[in-house]
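**Q** Got a structure for you, written out below as structure tokens; questions coming shortly.
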Amino acid sequence: MFTLRSLAILAVFAATALASKQSSNDRELVVAIYGGGLASATLAQALKGSSNLNVQYFDPALDLTPTSFRLFGFDPKVHDALALVNEEAGGAIERSGWYPEEPSVVVVGQGSDADTVVLDWAQLKNTTHHPQVTVVDPKPFLQQMLNGTDESRLHPNKTLVSITRKDLSAKYPLELKFQDGSIQHADVLIGDDGPFGQMRSEVLGAKHPANAPVFMNFLSAVAHVAPDDAEKLLGQKYGNRDLGRRFERVGMGSWFLNAYLEGFSTCLGSFYTEEAYDLSQFTRTTSVKELTARFSNLNEADNSQKILSGYSGLRLIPEIEHSPAPTYINGLVAMQGNAAHFMTNFQQLGPSQQIEDAMILGTLLRSAHSRADVEAALYAYDTVRRPRSQWVSEHGKRLGWLWTGMVEDVGIDAKKLKKAMLQWKQDSEAFDLKAHKNEAVKIMKQTIKERSGSEKIITQEEKIKAGFQGLWEAMREKSGEQVEL
């Protein structure tokens with residue numbers, strides 16, 4: 001039993017859905033990419049040349065290739081992910097220029113096993129056929145990612161200020177307004193504007209507890225030391241620039257690294273703290289006294305506290321991360337990269353996750369020809385990427401805990417550390433990115449099939465109701481009367 005009012009509502013709903021589907025099927029889908037940086041540029045590379053898509057790329061920066069990183073450090077999975085984007089992306093590292101970071105020697109920094117080598121990465125079998133860390137200059141790499149995207153589609157100096165979600169009957173479901181007053185209509189928005197940007201709150205809501213980054217309870221001091229000074233303070237064993245290695249000292253609650261990099265010995269010291277750090281402060285002041293207290297537990301021969309006290313500018317950087325997000329999508333708006341899962345320096349695996357996000361989104365959106373396809377693509381993206389990126393986040397965090405001797409039943413025992421680090425390496429390399437990509441495609445196809453089946457049922461029902469249009473017209477004035485179908 002239906003009232004004429006309910007039938008009319010159903011008819012309007014069906015007409016709206018049909019109009020919406022037709023409006024997106026009859027034209028290119030407008031894909032807005034916002035934020036700039038590694039994930040955004042890689043997604044632009046993945047989508048370029050797709051005849052079904054009109055890609056528009058917006059970067060808040062004046063330069064389309066800016067980054068807060070002086071260098072990118074890519075783990076082996078980055079090479080695999082880029083190869084799955086397309087052939088051009090697969091060769092981008094070679095064309096950009098790169099060099100391998102010196103392989104690590106992990107050493108116990110204190111206690112009865114002090115100076116015992118835990119793991120020498122150079123002695124391990126390279127099962128990935130890529131360096132432990134590939135170092136790339138961000139600017140030429142991002143240029144490679146944006147290469148081939150028409151300049152008319154690239155929009156620097158565009159800061160997003162609002163997103164208006166339109167009625168389903170609208171030609172475009174999204175209206176993006178920028179700080180300069182310009183407006184872009186779009187079918188879907190994919191954004192990565194960093195851990196403190198707007199995209200995360202657009203997806204989760206401004207008041208969601210997982211919206212803002214959180215302090216990981218580690219602070220780090222960074223020092224760039226002239227090689228001669230580093231050699232005097234660290235000694236020949238650790239400070240000799242000709243060794244071609246980087247050294248990591250594991251302490252109880254502290255960790256110290258030194259490596260010869262671009263003409264300087266770069267030294268990094270991190271320590272655990274339970275202080276209530278104010279994340280509105282991007283750095284905080286430290287003192288010789290504090291650094292000495294934090295790092296004097298390490299072998300005195302290292303002189304790590306003297307290096308950090310004398311060359312760090314007495315500034316500490318908080319290690320921050322995102323709490324797990326319950327979703328990466330909200331309607332036709334999705335977040336990726338550092339907006340979705342910012343990871344600390346300890347985790348080291350953030351760049352690979354940014355590129356994996358773009359690889360999956362690019363694969364899915366390339367095959368989208370309607371708004372319904374886009375919705376299915378975003379659903380598949382969220383389904384596969386959230387568990388994967390969160391696993392990587394926790395996996396990388398475990399490495400940080402191992403570095404600082406804070407894993408229960410491992411501590412700073414050299415044999416236990418070696419076993420745990422080898423297991424960490426094995427787990428990192430075991431993930432199959434091709435299978436990950438195929439699973440995303442499978443989920444998208446299945447979602448489209450299920451939703452199109454439901455749509456056909458509604459369409460048939462509407463056809464039946466359409467036959468009674470004359471009856472509706474005859475009984476317009478009796479809107480409260482029941483009509484039995």
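Backbone N, Cα and C define each Cβ position, glycine as well.
The following feature annotations were taken from Swiss-Prot:
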type	residues	note
SIGNAL	1-19	signal peptide
BINDING	D59, G73	FAD binding site
CARBOHYD	N126	N-linked glycosylation site
CARBOHYD	N147	N-linked glycosylation site
CARBOHYD	N157	N-linked glycosylation site
**Q** Of the glycosylation sites N126, N147, N157, which one sits closest to D59 (FAD binding site) when you measure Cα to Cα?
**A** N157
**Q** Can you count the other CB atoms that lie within 10 A of the CB of N147 (N-linked glycosylation site)?
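**A** That number is 15.
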**Q** Using C-alpha atoms only, work out the spacing between N157 (N-linked glycosylation site) and N147 (N-linked glycosylation site) and round it to an integer in Å.
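**A** That separation, Cα to Cα, works out to 19 Å.
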**Q** How many whole Å apart are the CA atoms of N126 (N-linked glycosylation site) and N147 (N-linked glycosylation site)?
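**A** Each residue's Cα considered, N126 (N-linked glycosylation site) and N147 (N-linked glycosylation site) end up 32 Å apart.
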**Q** Take the Cβ of G73 (FAD binding site) and count every other Cβ within 10 Å, whichever protein chain it belongs to.
**A** 17
